Structures are given as structure tokens and as C-alpha cells.
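Engineer: Structure provided below as C-alpha cells; questions to follow.
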Amino acid sequence: MGIKGLTKVLAEHAPRAAVQRRVEDYRGRVIAVDASLSIYQFLIVVGRKGSELLTNEAGEVTRQETSLALPVSDHCIPAYLTFHLCELCSHLQGMLNRTVRMLEAGIKPVFVFDGEPPEMKKKELAKRSLKRDDATKDLNRAIEIGDEDAVEKFSKRTVKVTRKHNDDCKRLLRLMGVPVVEAPGEAEAQCAALCENHQVYAVASEDMDSLTFGARRFLRHLTDLGYKKSPVTEFDVSKVLEELGLTMDQFIDLCILSGCDYCENIKGIGGQRALKLIRQHGCIEEVLQNLNQTRFSVPEDWPYQEVRTLFKEPNVSAGISDFTWTSPDTEGLMGFLSTENSFSPDRVTKAVEKIKAARDRYSPGRLKHLTPVASLPGTHTGKEPKCILGSPGQSLKLINYCSSSSTSNAGYRYTVDLSLLAFKGLIS
């Protein structure tokens, strides 16, 4: 979620703190990327062409197949299956494509993954889980009545980034030769710490709380490469403070008062009113002292002081060395993407060629200021867990689906791997 209403507040009250940039402006720059948020976006932004990744060179699915009947409305099931078919590999497709495009632009990405969430965020995570449960119920109803648009909408609302998604992307990035950081806590906080320590030039994310954690430069839309034409928006935290007329401590209080992931906000106080109150009173303590208690109800035991400490002293690793971008592991990528995840071998080969070409084009000899000195350790180990989808089923690995000319309105027939499919109540 980030900080409620902060984008609008900055657009109105600190317009000069944000500038529009081209991707090319970051050529030669080391950028910390919030990986976990990117993966969520990859899972949400799913198109039909994502299913191409599950086929071989002849367009055929290579897994063991069998068939089953799904006794639901004919015209809505393709939307549901298409979404989850693409979802199975969309995190890998998105991570591969966007990382390649960043490397081709001369950007040196460092992907930072979430660790253990702070205790104060667990209430927000529980709320999100309940929303996914509600979306699953809505999805079931949409399937029953055959509402194709609703099936697609509610399918996306059931999406959750799993450990499997994260582990897959870490493995992919390491095979690509791109550094990975596993944060002990919030990825945004670790990104901000790397930026504050001058180990990276900027932080790329969509959550505005990167600024609250103290990132000197914050980039939005950088990971939209190849999907949107939006320019990159760069925020400079020093200009944010200057334009708003606040200290960093006051800015943190503004963000807490506006609403964040770590505590409830005061109902009726959004970003605009929060800015006015902080400018008038200077800190949350004084705001509460002068707040109209009959108009605004402060949550009981409101932990704003603990949240303030979390933003100022987050759980981050201070012992991270500088980074090295290595040559891609061609054999490893082919095995992981093509053999294990049914990517087209030609697609993998082209991606490797692009990575190598970008590495040659922006070699340390040409960009001397980027010469790294040490690499982050870590290799992928352990048995892969199944991908758990927020759907009427549990673990699911769709292989292919096709309509049968002899199938009646009672349902479609689809070719799937039954051993990994669990549509509760939907399999006849």
C-alpha cells in the first residue's frame, strides 16, 4: 500500500521535487529494485501470450497429460484458466524481460527481496488475507454464473506472492548474473539503506514509503519497461522536504498521520489534512493535543511512536558488500527456464544473447565508475515447493486447455496434469 495520498500531496505541494526522466538517463547507474513488489505486479499484469512460455518449439505442451471436465459455464472457464496458466510463469517471464531491458539500457540493477515482516505489519497482512478470501468467494460465484469479466477481475484479487515465486526469481537473477539481496526485514527499508550508504544511486519501487525510510532518490515506473510508455518519475527526498517545509522527522510523522502499512490512521485525516496539521503543530504529539476529539477518533493504543521508530531505525543489514554483475549461466538458464518451466529454448537463447551484448556494451572498461569489487554469496538450494494460488483450488499446475466439439453446455474439457490440480468442488 505504501503511504496513503502521498503522491497527490507531493504533486500539489512539492511539484519541483519530482522530475520526469528517460530510462536512458540512468545508464551506468546502480539501482536497488524492490523485487517483491515487482513480482506482485508481474502476477497481476497477465496477458494471454504468457501461456506461450509453457509450450515447446512446436507449440505443444511437454508435460504428461490427461483430461477432465469442469462442469461450469463454457465461456467463463477459459478466462479463469488463462489467467492462472499465465500466472504460473508470469513472475519468471516478467523478471526475465524487465531485467534484460534494464541491462540493455545500461542500468545495473540490484534486486532486494523482503525478509520477515515487522510485527506491526502483520495486522495489515491479515487484512489482505481476508480480502483474498472474500475475492475467492466472489470468484466462485462468478464462475457459477458464467461472468467472464468478473472471473478475470476476482482472479487477480486472489493473487499472493509465495515463497516459491520469490525463490524462483532469486534463482533466475543469479543465473542471469544479477546481484540479489535478501533483506532481514522490509525490502523498501533495505533499498533505502543501500541508497543512504551510497551503494546504489536510487531506489526503484512503486511504494512511496521508500521516501519515508529515507531513500535519497526514489524512482517510479522504472520497472514498467516494455509494458508502459510512462516516463520514469524521480523524487529527490531533500527537495521533498524543502518544498514541503518539513524536517525528515516531520515528514515521517506526516506519512504516519496520512496512513501507512504499520498502523491504522485517524479516520477523516488524509494526506492533505495531515500536511496542514503537521505544518501547524510540528509533530504528532502536538497534533493529538490540539485535535478535535469529537470530530476525529484516534485509534485506541495508537502505536505511532513505535511506527516512527520503525521508519527511523528499520531492520536492515549493514554488512552488505559492493556488487558484481557476472556473465549469465547459459546452461543453467536453459535448464531452469526451458527444461523445468517450459520456456521456448529460442526465447532463452535470445535473452542470454541480449544479456551478453549489454554486458559487452557497458563493460567496466567503458564505465569505469561501475567496477564492482565483491559479490553477494548465495545459490539456490533445496526442493522446490509448489506454487500456492489463491483460487478455488490449492496447488495447481495447468498444462494446457482446449474445448471439445462434443462438449455440451455442462462444461469444457481441458488437458491438464491431474496430479497437481485441485479444483475443490469443480471437478466432475
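Including glycine, each Cβ sits where the backbone N, Cα and C put it.
What Swiss-Prot lists as region 'N-domain' is 1-132. The Mg(2+) 1 binding site annotation in Swiss-Prot covers Asp34, Asp114, Glu186, Glu188 and is backed by sequence analysis. What Swiss-Prot records for Arg98, Glu186, Gly259, Asp261 is DNA binding site, and it gives sequence analysis as the kind of evidence. The annotation region 'I-domain' is assigned in Swiss-Prot to 150-281. The annotation Mg(2+) 2 binding site is assigned in Swiss-Prot to Asp207, Asp209, Asp261 on the grounds of sequence analysis.
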Engineer: Tell me the coarse DSSP state (helix, strand, coil) of Asp209 (Mg(2+) 2 binding site).
Structural biologist: helix
Engineer: Name the one residue among Asp34, Asp114, Glu186, Glu188, Asp209 whose Cα is closest in three-dimensional space to that of Gly259 (DNA binding site); these are the binding-site residues.
Structural biologist: Asp209
Engineer: Can you check what DSSP calls Arg98 (DNA binding site), collapsed to helix, strand or coil?
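Structural biologist: Note: Arg98 (DNA binding site) is helical by DSSP.
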Engineer: How many whole Å apart are the CA atoms of Glu188 (Mg(2+) 1 binding site) and Asp209 (Mg(2+) 2 binding site)?
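Structural biologist: That comes out at 7 Å between the alpha carbons.
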Engineer: Across the record's DNA-binding residues Arg98, Glu186, Gly259, Asp261, the largest CA-CA distance in angstrom?
Structural biologist: 31
Engineer: What subset of the binding-site residues Asp114, Glu186, Asp209 lies within 10 angstroms of Asp261 (DNA binding site) at the C-alpha level?
Structural biologist: Asp209
Engineer: Identify which of the binding-site residues Glu188, Asp207, Asp261 has its Cβ surrounded by the largest number of other Cβ atoms within 10 Å, counting every protein chain shown.
Structural biologist: Glu188
Engineer: Just the number: how many Å between the Cα atoms of Asp207 (Mg(2+) 2 binding site) and Glu186 (Mg(2+) 1 binding site)?
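Structural biologist: Distance between the two Cα atoms comes out at 12 Å.
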Engineer: Looking at the binding-site residues Asp34, Glu186, Asp209, which sits with the largest number of other Cβ atoms within 10 Å of its Cβ?
Structural biologist: Glu186
Engineer: Can you figure out which of Asp34, Asp114, Asp209 (the binding-site residues) comes closest in space to Arg98 (DNA binding site), comparing Cα atoms?
Structural biologist: Asp34
Engineer: Would you mind listing, in sequence order, the residues at least six apart from Asp114 (Mg(2+) 1 binding site) in the same chain with a Cβ closer than 8 Å to its Cβ?
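Structural biologist: In sequence order, Ala35, Ser36, Asn166, Ala183, Gly185, Glu186, Ala187 meet the Cβ cut-off.
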Engineer: Would you report the average pLDDT that the model assigns to the region 'I-domain' (150-281)?
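Structural biologist: Across the residues of the region 'I-domain' (150-281) the model's pLDDT averages 91 on the 0 to 100 scale.
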